[in-house]
Amino acid sequence: MVQKNEHQGGQSQHSLFAAGPTGEERRRVQWLTAELERHNHLYHTLDRPEISDDQFDALFRELQDLETRWPELRSLHSPTLRVGGGLLEGLAKKAHSLQMYGLDNVFSAGQWQEFAERMARAWGGDVNGPLPESFWCDPKLDGLALEIIYADGVLQEALTRGDGEVGEVVTDAVRTIRTVPLRLAGPGPFPARLEVRGEVVMYKNDFAVLNEKQEALGLKTFANPRNAAAGTLRQLDTAIIGSRPLRFLAYSLGQALWTPAPVCLLQSEVMSRLREYGFLTPPDGRLCSSVAEVEEYAQWVREHRAAFPMEIDGAVAKLDNLEAQQALGFTARAPRFAVAFKFPAELAQTLLKDIEIQVGRTGVLTPVAMLEPVSVGGVMVSRATLHNEDEIRNRDVRVGDTVMVRRAGDVIPEVVGPVLEKRPENAREYVFPHTCPACGQPAYREEGEAAWRCENMACSAIRLRAITHFVSKAGLDIAGVGQKWIEQLVTSGRVQSPADLFTLTVQELLGFERMGEVLAHKFVDALARAVHSATLPRLISALGIRHVGEQTARTLALHFETLDELENAGAETLLSLPDVGPEVASSIHNFFNSPANREQLERFRALGLWPRGGRSGGGSSGSTGEGGLASGPLAGKNILFTGTLSMPRSEAEKLAETAGATPLGGVSKKLDYLVAGEKAGSKLEKAQALGVTVLTEEEFMTMLREAKAASE
């Protein structure tokens with residue numbers, strides 16, 4: 001935080017009239033130092049913040065003011081002299097070759113003007129001439145700071161910022177991030193050593209999808225995209241890291257030994273070079289030619305904040321001239337040539353009218369706050385998640401409270417906490433139900449889990465969610481069979497399980513509201529096509545087995561030829577597979593031991609919905625019927641798509657599946673073909689390094705035609 005420290009005459013007010021700090025001021029500095037260190041640890045190390053950025057900044061400014069007034073109160077471990085938090089013990093540690101500093105903050109146009117004036121004074125215009133007033137500006141990303149080190153264009157090492165001087169080694173994790181070049185793009189020559197600094201983020205839409213998957217699998221959801229990105233990067237299991245949609249956006253350099261590459265003299269040149277080398281950079285960065293233009297840019301970013309694909313919490317301005325940057329240097333914690341415009345958090349106050357329970361497809365009971373509608377970040381919000389019973393208790397949220405609401409990641413509305421000074425006398429503590437609100441059956445909470453679950457798998461709410469999941473993109477992906485139709489069919493009693501869908505007739509559908517003859521025929525045809533085109537991985541995913549998502553379903557389909565084989569697999573066999581742990585193996589065992597599930601599987605078999613996978617390589621029901629192609633160049637092969645294609649990637653994967661191939665989620669030694677479209681990145685490089693056959697989209701289409709011809 002930047003404050004104007006000078007007073008008229010250049011002397012502190014207190015140096016003239018006070019002998020020293022009061023006892024109260026001493027105690028306040030000690031408390032602020034300890035409290036800020038605690039919050040630093042919670043935020044940077046544990047990713048479990050207890051206060052908002054605005055609250056932290058207010059405490060930080062107060063400590064800075066006191067230390068400026070009484071320098072003798074500043075301790076060697078003051079938070080104003082360091083950046084970030086401590087280090088996790090589970091990761092190796094290494095010193096940065098050059099310290100990774102934080103940024104001082106400004107919160108108004110006046111504070112920005114003061115900062116610019118201080119830069120000019122530090123530059124010494126009388127000796128060095130006027131300070132170059134061009135600034136490179138871009139959005140301030142809210143993620144995890146990272147340094148990636150390249151030697152002669154090849155990725156060597158990656159470190160988190162840590163405490164600024166020593167970071168955590170996360171090289172293997174970073175290699176799984178698709179936006180990180182394993183080898184710099186372009187013909188070269190490349191710098192002998194290049195330390196690329198930037199931020200690991202998760203886009204808001206990706207974050208929403210991840211949390212939906214976590215919730216569907218009964219796993220812990222993340223509070224916001226930053227926590228999701230930080231928690232993922234610190235995972236020790238690279239398979240989990242690689243399955244999550246992290247992105248690295250580069251915005252500066254540490255040490256740069258340019259020879260034999262051309263030298264960059266300006267920050268704007270650095271950004272262009274980073275893009276040439278294959279990095280993503282923060283969107284809408286621009287060169288501003290004056291102090292006033294920088295202020296206009298920061299205001300523009302603030303006004304368009306909601307439109308950015310990732311969370312941002314400000315804008316950054318830094319001198320464009322790198323020589324001037326070097327001349328100005330650093331304070332103990334921040335550069336003198338750069339500053340962050342911090343924006344206030346997007347929060348709103350509203351009335352919590354009630355709390356309702358939503359039942360998920362695996363039976364999870366999720367509390368949902370029913371709110372007086374309020375605009376948060378430009379979006380009207382009337383419902384917000386409260387996550388689970390523990391969160392309600394920990395945040396002391398009561399029905400009738402005025403609560404603070406934010407859009408977590410600018411996507412999912414959540415209740416932050418109550419406004420205690422506005423709490424009415426009749427505010428009611430919420431008692432979490434121990435029975436399911438949909439069916440009235442007992443709920444249970446497993447040891448070590450935060451979620452309560454309905455134990456009645458015949459529950460109407462679970463049934464509705466399960467059938468909706470079965471036809472969704474995470475299941476069989478049956479176009480035209482959406483949730484609204486499922487709700488009507490389930491409510492009517494005609495559809496009580498996924499198998500019932502495939503027995504619907506046009507005549508029956510015509511009896512439903514807004515279902516015309518053309519739509520009814522399309523509905524039935526889509527279900528009929530799904531029987532023949534379904535693949536084993538999609539069917540396994542569609543079944544909704546707890547803890548079994550799309551990637552695990554693919555793994556199972558690679559190792560088992562039919563659902564019969566999967567049902568009969570022993571625990572030892574299951575646990576030998578890469579994505580299967582004790583919980584997953586137990587869930588699979590429990591699913592197939594359920595009489596209701598076994599009955600449904602027999603109905604699928606009778607309908608012809610019984611695809612083959614594993615060693616047969618056919619992948620689809622049609623390998624014994626019309627749709628699948630059990631022979632040809634793609635049969636039994638593992639395939640992956642990367643880059644920009646002429647068709648949606650999901651459509652390309654479907655075509656591959658009908659030709660007998662199995663789409664994978666990442667590059668590995670098991671991959672047979674990589675189909676590379678335009679702007680293919682790190683996947684292409686990794687595949688080439690492993691000797692995987694790389695195809696163009698046209699070559700892939702040729703193989704599809706050959707597969708079709710072989711089946712005729």
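Glycine too: its Cβ is placed from the backbone N, Cα and C atoms.
When the candidates ASP138, ASP172, ASP284, ASP354 are compared with the NAD(+) site entry in Swiss-Prot, which names ASP53, ASP54, GLN55, PHE56, ASP57, ARG161, GLU199, LYS318, LYS342, the shared residue is ASP138.
Here the domain 'BRCT' (629-712) is broken down by DSSP into helix, strand and coil counts: 34 helix, 16 strand, 34 coil. Highlighted in sequence order, VAL359, GLY363, THR435, PRO437, ALA438, GLY440, GLN441, ALA443, GLU455, ASN456, SER460, ALA461, ILE462 have their Cβ within 8 Å of the centre of the Cβ atoms of CYS436, CYS439, CYS454, CYS459, the residues recorded for Zn(2+), and are not part of that set. Note on proximity: of the recorded positions LYS140, CYS436, CYS439, CYS454, CYS459, the one nearest LYS318 (NAD(+) binding site) is LYS140, by Cα distance.
Cα to Cα, ARG161 (NAD(+) binding site) and CYS436 (Zn(2+) binding site) are separated by 46 Å. Reported as a whole number, the C-alpha separation between LYS140 (active site, N6-AMP-lysine intermediate) and CYS459 (Zn(2+) binding site) equals 47 Å. Just so you know, the Cβ of GLN55 (NAD(+) binding site) picks up 13 other Cβ atoms within 10 Å once every protein chain is counted. Across the structure, GLN55 (NAD(+) binding site) and CYS436 (Zn(2+) binding site) place their CA atoms 39 angstrom apart. Around the Cβ of ARG161 (NAD(+) binding site), the number of neighbouring Cβ atoms within 10 Å comes to 24.
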